[in-house]
Each structure stands twice: as C-alpha cells, then as structure tokens.
Amino acid sequence: MTTADSNSSATRGSHEMADGSNRVPNDEPYHRKSPESCENANFFVRAMRASFGYRKTSLTILVFLSVIATVLLSYYDSSLEFSVSLPTDKSESKILDHSWDVLQEIARDEHTYASEANDRVHDYLEDIIGFLVDKKSYMEYDNDLNNTHSFLRQTAPSTVTYYESNNLIVRINGSDPELPALLLSAHYDSVPSSFGVTDDGMGIASLIGILNYFSAKQTSQPARTIIINFNNNEEFGLYGALAFLSHPWFKQIKYFLNLEGTGAGGKAILFRGTDYGFAKYFKNVRFPYASSLFQQAFSARLVHSETDYKYYAELGHLRGLDLAFFRPRDMYHTAKDNIANVNKKSLWHMLSSTIDFTNGVVGGEIDLDVEAKQKEAAAFTSIFNYFFVVPMTFVFGVNVLLMVLVPLVSLISLALIFAHRKWSVSLVTFFKFPLSFILSIFLLDNFSSWFVVSVNNFLPNSSAGIIALTYFSFFVLANYLLLNGINLLFWKFKGTRHDEKLVVILQISFMFWVSLIWSTANIAKSQFNGEHSGEFLLTLLYILQAAGGVFGLLCWLFKRSRTVHTNNQELEPLLEHAVEEGYGAHVEQEGHISSSASSAISVNVIESPPPTKHYSYDWSIQFLFIVPISSFLSYNYGWLILEGLKKTLQESATSEYLVFRALKLLAVVVAVPYLPFIFKVNRIVFLVTIFLFVYGLGAIVISEPFTEANPLKLRFLQTIDLDNSPKSNLVSASGRANSSIAEILRDLPSVKESETEVVCNAKADGMTICNYEGLNPHLAPGTKNAQDLLSVKVLSNSSSSINYPFGMLSGKFEIRAEKNRECRLSFREDTGGKRSSGVVKTVVVYKNDLKNSNKVNAMKAPEGFSQDDYGNFVYKNMTGISDLKLNKLDWNRPYRIGVEWVASLDDSDTQPTLKVSVDCYWAEIGQIAEKGKIVDRIPAYTELLHYSPNYVTWANLDQGLVNVKKSVLV
C-alpha cells in the first residue's frame, strides 16, 4: 500500500459511521473553515437569520402576532364604536338629531297593530310627513285609511287573510319620469311585548331622515322618483307590504331598499340582495357592513323570521336589498328593545347608509334601467368599510379555474421534484396528518357532546367566545400531541428527505379542493340563485392555502444547488440548505457547519451531512400566504354568523344543535392555517394553549348561560276559554326545556297566594310550556267579565239548508269583540263526533250591513278573490279553507262573516254542522280606569315583568298577549 492510499484509507475511515455509511458525524466539522468563521459573519446577516430563519422563536412570534391581529382586527371591523363616526356636517347632524327625536317618540310605548299606541304612532308620523312634504312641490303623500287597499287573499296553504291597511306613503317625484322608481320601506308597528326601537323604529326614523334630507333647501330634486312606504302590521304576516303591492304607485317601482331590525342595536348589515346588478350600488355607502353569509343562512331557514323583502322580491318581482340590525337576538321582540339599549351611532349607521345608497341610485340613469339584464345572485362582503361584490357566476368560474389549474401545477411540480430532486415522503409522514386531523375532529365532537353540552348546554347564549376558545385550544392540542406523538413512536420510519410543513400544506389544500368541488356543484345545482352565496369564503381560503402549497413546491423545484467534489473528481449536486432533510426541513442542531456556504468543497464523501441550522426564509412567505389572512377571514366571518345565530338556541333544540356545530366548525377552520407549522412551535405556545384550554374548562363549568346582558327569553300568552264551564283562565309561559321556567312561575306572588299549581308539558323540539291560573285581565272599558269581551251570534244556520246532501251549505255569523282588531277563525266539520278540515270552500267578509247583502253563490264566484255587488270581499278556494285571519282598523265594528261549505258524505243520519272556533287577541299594555280605579290591563303579564329575575325577558307567544276563545256550530 502506498502512502497516498494509506492517507486515503485513513481519511475514509475517519468518516465512516457505525452503520457503515459514509456520513460525516455531527461532532466533526464538514468545512475546512474554522468554527469561528460563522461567528465573524456580518451582523446584519446574523440578525436576519435570527429574526427570519425557520426557528421556533421566529415562528412563535408570528403565531402570537397573527392570533392577536385576527382578534383585534375582527373586533374593529364589527365594532360600532371604532368603525362608524358621527356626522361632522351640520346639516347631517341636524337630520340625525331630528331622527333620534322621532325614534324616542315612536318608542315611548309598545305599539303593535292591535293597540291604540299604534294609532298614536301613525298619527304622529302623519303629522311629520305632512310638514316635510309641504316643503317641496314635487313631494306628495297618500294614506291607506281610505280603505282602498284592504285585501282578502290566501297567505298560507288553506289560510285566507283579511287585512285593512293604513300605510303612510310618500312620493318624491323625480325630474325624469321615464326612470323607474326606487322604493324605501320600513314598518312602524312593533310586537306587543317590545318598544320596537330596533325593530323597526330605526328604520322608520331613517325614512324620516331621508324625507328631511330631500326636503332641505340645499337638496335638489332627484332624477329618479323615490317612493317611501311607512307600512303597518309587518310583525304578524308582512301585511303592510302585501297591501302596498296593490297600491297604484307600486306600478312605477323597479327597485327597493328595505330597512329592518332583527336584533337590538349595533351595526346595520346588508344581509340579502336579489341580484348582483343592484347590490353593486351598495358601494356608495360610507360605512358598508355586509355579508352574503346571512343570505345563505336565510335561504337555509337557519333564521326563523322574515321581512318585507320577501313580498317585494317574490310577489312584487322587484330588485332590491335588505338592510337590518341583527344582534343580539335575545333582546329582539322583548322590552329590552328600547332606547336605553341603543345609541345615536346605530341610528346614524342605518340612516347614513340609506342616504348614501339612495343618492347613488336616484342621481340619474343606471345600467339596470336600459339593459334587460337577468337577475344574477351576488356574493358580497365588507372589510374595514370597503365593500366587495361579485356575481355568483364569477365565483363559479373562479372555482372551476382553481379546481383545474392548482392541481395541474401541483402535480407537474411534484412529478418533477420526485423525478429529479429525490424528495422522499414516507408512509408515516404522508398519513400522520390526515389521521391526526380526523381523530382530532372525532375527539372534539365527543368532548363537545359529552362534556360541554351535558354540563352547560345554554352557555353559547352568554359565552360563545369561551366555548369557541376552548374548542380551538382542544383541537390544536389534540393535533399537536397526535402529530408529535406519531413522530416519537415512528421515528425510525421517518423519512430523511421531506418537509413536514409542505406535506401538511398540500394535504390541507387537497381538503379545501374537495370542499370546493362540493360547493361549486351546489352553486350550479341552485342555478346561481344565492343559496350558496356565503361559500365564496371557501374560495378565498383555498386560494391562500393553494398559494402556500404551490409556492413551496416551486421553491423545491427551483432551489439552487451546490456541488461537492469527491476525491476522484466526481461532482455531486446538493440542494442548498437542505440536503438530507430536504427543502424547508426543520433542523436545529448545534454545530459548526455553515449551510449558507455556496462554494464547492472537496471532500472524500459521497453524501453531504445534514445541515445544523436551517436559514431558509421562504417559510415566512408561506406563513404570510396562509396564516394571517386565512385566520382573519375564518374568524371574522365565522364569528359574524355565530353572532347572528347563537341566540337562536333558545328557540329549539335543532337550533341549539346548529349553534354547537357552528362553534366546532369555527374552531376547526380558524385552527387549520396554523397546523402546518405546529411541528415547529415553541413550548410557550404549547403551554399557553394548555392554559387557555384549562381556563375554558373552568369557565364552562361555572359560567351562567343567562345574565342581565344575555337574558333568558320566555314567551307569554293568557288564554280565556269561554267554552269551558267555568271558564278557564290559563297563563302559558313557553321556553326551552330545563331552563327553570317552572321555578320562576312558582315564585310569583299570585301563584303562591292562591296556591295555584304550575303544570309543565314537554313540546316538540326541546321546548316546554308551563300553565297556571292567571289574574283576570281588564281589556276593555265597561266589560264586567270575560263573557262581555267576546260574543258570536249565528245569523244564518247551515242546518236549515235544503241543499244537503247534494249542494253547498252556507251560514252567516257575527263576531263582537270589544275594543279589538284581530281575530282568527278555524273551520272544522262536526259530524257524529268526527271532525275534518278543509270543507269550507268560500268565505265572505261583509263590509256593509248584512240586510243589504245577497247570498253569494259559490258556483258563480270565481276562484280566488272577488267582490260582490255590495263591495263585500269574497274568497273561493275549492281545495279548502281551514283558517280565516281577520285584521280591521275600526275598534268597535263587529266582524260579519259568511261561509259556504261542502259536507262529507257518510252513513250518519245526523245532518252535519260546521264548527267555527273563534280566537280573538288583545295586545294593549298599560293601565285602564275601571270602577274609579286605575288597574293594569293585563296584570298577569305585568306581574311577570315585575317579579321575574333580571336575567329573564318576556316576548309574546302569539300575535296578542291575551286570547279569548269561543266556538259555535253553524
């Protein structure tokens, strides 16, 4: 052996590992440079490496910054205080002040349709409207009190409604009569249990503000005509809007903006729009707040309420928008919807949005006037007072492009990487994240069901944030422990040339891709009608996730290589910074090797050793692509929809289930962007997450679901049944099961004094209703007892008809309800103990004296609505009418009703009779003079308001607070 050979063998031996491989041991220097060479590196380079290298400290700082920024920016975006400013212009300030005064006067007391306070509000608004209209010659006013806009029509299957309208309608005639008009609409009635500040006093006050604005001297005549509908009785059937469809002015209208309130204060949100063509004009609003997530929620019936938008869009075929307050729902329709719980900024947000939007549409011709564009649903949102809207066809097109382009680029990149870069991914690396993700969701679901729901199922009502935080912490911890546990257990099978971060990014991108396919298919299936308009968020999240994945693959593909010389002059290309561990690998061993060296070095090994530090900075670009924006979007819009839904858990067990599903989904979606980096986070993140989880557990156990700020919402109805002997007088309180209703009722003074029994019965969908004998109401002056409140007199009995069994049976009756506006009739055939519905084919509402009215022949009357020679309203439906709802304006006029019906043929010798059940409703709250004393009209309701705990609010269970029942046979 020559000396050279001996030296070569010695050198080779010094680099031979115990397993016979030719790797350089970690404790032996690889470069010829001295260890001090890195120490003498430029200070700036070292600072950059320390700050932006893929280190635990750098990553941890970015994680904390992202979480904090997500929460703070979302709070700013939804905050009325920070995102909306009061007007500085004197004229606008004056308009706001006047509108606020109007709101205070409207909300002085409860003013449902069946109350004298409703008349007071009507007359008050009429005075203001008359004063403002007189300021401009091109303004005019019409009042439906002339009874020309009453209707009798089918409003539900087998239900017919009679309604007398007293809408207040203003027309601001435009300078160009050829332009179709814009309708602005709000309703001035409230429910019996609410002062109606947000629902819909703010809408009415905003319309008064619009009138103030256009009647001002400095405001010129608009080019487009504006019609304003101050409508009544929206709460129990949208009847004011329905009546307006038959008004002569309605024919001019093509567009509308409806102002509503389904919460109590806060910011007014654009939550529905008929189409993109009209929704895009909301960009003119100075403080836009919008989300088509609510549009999708309404389409899916996740929110159990409706607005006038429904009739304007569906029956009126108008193009328009729905702008409404939406939180908190537990104060909605209760006495807490009052002036004390709102402020001027809330009113200004709706008022300024109405002014800005109206000016943007009425200033001149818009593209929808001249182009017969098809209505195309829109996806829209707002961020920091910037409004974004796109048609659903655009969302569909982008989705299709992404579904094709991203997989194509990714697959080509992967093929090139595996072919030339030798990126090896072991089965453990490939399967551990999907396994961890699925198992974590399974564990989260069981944790939610077996702990959170069982311990405090109503907690989202007051502390949805605590639950979301606990779920988020649990999900992150589960993935952290599972992923690192798998790495620990299967460390021998862990590949050496891989990037765990990139693998997880690609797998999450694939999950979003599958979800995008599902969403796109649904969009196409719904024919782009907006049922899935909230899913544009999925498109944005996929773009961000895919961008991080594609960027990582391209970095792998185009990574610069360095060459290492062997002793026989062979060249070995190596990936810079990541040889054994691969691109982006997270190695942090201490040593003296500089992975940033770029020159070729002559060594006597075939493979280079693993780098001791990873100074690649492209990870930070991936992080910025994926985490901050995705985290903000997921949290901001997830929390927004949760704010609108969380209080609905008081309405049914189904809603409770949906709320907890939304909480789990929010936690998972917000956590997903952080999961690719979970391998690298500092132990501080782990400890903080544990602390948050433990804190959440404690809070879930001890927190109260119902507080004064987040009350328990119960519903009230007092029912007096005159058919019973003696009459029954039951108070019914309805709410969620296991929500302490019985305990609240048993503590009432009247219940304890009379030793009345409180009986509770379970109802469908997790609800319960409790009944007890209540205090007698005093509903009308001069009535001595309940029998004086309601009487039904049969004027023409069908039993005397000679047409049976081959012809129509008919009957007439008169209902006298003292000081009343609302009744409901139910028709059932009564034959030998058998009862059937749908036998009535024609109903007649007599407007004049019965003596001057002829019998209506059902064979001659047309199907649907008609009027006879005396102006009586006739409705015929041969499929059957089961219910007739009556709404009149005259407090003292009796209801005079005629029916024609067909009896069923059976073997009974008894001639059939028609049972008519009459339910009349009273809703007036306050006091009344009776026998020289001032007494409460509905003392049972007043007692509940006074003696219920401060964490309880009361709403009406039906269209009135007191229901008096009586039935007759016709």
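In case you wondered, yes, glycine gets a Cβ from its N, Cα and C as well.
Remember, predicted model here, so these are calculated numbers, not experimental data.
Per Swiss-Prot, the feature compositional bias 'Polar residues' maps to 1-12.
Marked as topological domain 'Cytoplasmic' by Swiss-Prot: 1-56 (among others).
Among the features that Swiss-Prot reports, transmembrane segment is placed at 57-77 (among others).
As annotated by Swiss-Prot, topological domain 'Vacuolar' applies to 78-397 (among others), with the evidence given as similarity to another entry.
Look at Swiss-Prot and you will find GLU234 tagged as active site, proton acceptor. Residues within less than 8 Å, Cβ to Cβ, of GLU234 (active site, proton acceptor) and separated from it by at least 6 positions along the same chain comprise HIS187, ASP189, ASP200, GLY240, ALA241, THR307, ASP308. Mapped onto three states, the DSSP output places GLU234 (active site, proton acceptor) in coil.
Annotated transmembrane segment per Swiss-Prot: 398-418 (among others), in sequence order, evidence recorded as sequence analysis. Residues 506, 509, 513, 516-517, 519-520, 523, 539, 542-543, 546, 549-550, 553-554, 556-557 of the same chain lie 6+ residues outside the transmembrane segment (398-418) yet bring a C-beta within less than 8 angstroms of a C-beta in it.
Among the features that Swiss-Prot reports, topological domain 'Cytoplasmic' is placed at 419-423 (among others), with the record citing similarity to another entry.
What Swiss-Prot records for 424-444 (among others) is transmembrane segment, and it gives sequence analysis as the kind of evidence.
Under DSSP, residues within the topological domain 'Vacuolar' (445-465) fall into helix, strand and coil as 18 helix, 0 strand, 3 coil. The annotation topological domain 'Vacuolar' is assigned in Swiss-Prot to 445-465 (among others) on the grounds of similarity to another entry.
Residues annotated as transmembrane segment in Swiss-Prot: 466-486 (among others).
Under the heading topological domain 'Cytoplasmic', Swiss-Prot lists 487-502 (among others). The average pLDDT computed for the topological domain 'Cytoplasmic' (487-502) is 73.
What Swiss-Prot lists as transmembrane segment is 503-523 (among others), and the listing cites sequence analysis.
Annotated topological domain 'Vacuolar' per Swiss-Prot: 524-535 (among others), in sequence order.
Feature annotation from Swiss-Prot assigns transmembrane segment to 536-556 (among others).
Among the features that Swiss-Prot reports, topological domain 'Cytoplasmic' is placed at 557-620 (among others), with the record citing similarity to another entry.
Counting same-chain residues at least six beyond the ends of the transmembrane segment (621-641), those with a Cβ under 8 angstroms from any Cβ of the stretch are 59, 62-63, 66-67, 69-71, 73-74, 77-78, 291, 293-294, 297, 381, 383, 468, 501, 505, 534, 537, 540-541, 544-545, 547-548, 551-552, 662, 665-666, 669-670, 672-674, 676-677. Per Swiss-Prot, transmembrane segment is recorded for 621-641 (among others).
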Secondary structure content of the topological domain 'Vacuolar' (642-658), with strand meaning DSSP E or B: 15 helix, 0 strand, 2 coil
The transmembrane segment (466-486) versus listed stretches 57-77, 503-523, 536-556, 684-704: most Cβ pairs under 8 Å: 684-704
Other parts of the chain folded back onto the transmembrane segment (536-556), taken as Cβ under 8 Å at six or more residues beyond its ends: 292-293, 379, 381, 390, 395, 398-399, 402, 406, 409-410, 413-414, 417, 421, 423, 499, 501-502, 505-506, 508-509, 512-513, 515-516, 519, 582-584, 618, 621-623, 625-626, 629-630, 633-634, 637, 669, 673, 676
Non-local residues, at least 6 beyond the ends, that sit with Cβ under 8 Å of the topological domain 'Vacuolar' (642-658): 78, 294, 297, 302-304, 326-330, 332, 457-458, 460-461, 464, 468, 666, 712-713, 735-737, 739, 765-767
Chain residues outside the topological domain 'Vacuolar' (524-535) and at least six past its termini with a C-beta under 8 angstroms from it: 273, 291-297, 299-300, 376-380, 391-393, 395-396, 641
Folded-back contacts onto the topological domain 'Vacuolar' (445-465), same chain, C-beta under 8 angstroms, at least six residues removed: 330, 471, 474, 642-643, 646-647, 649-650, 656, 659-660, 663-664, 699-701, 703-707, 709-710, 712, 736, 739
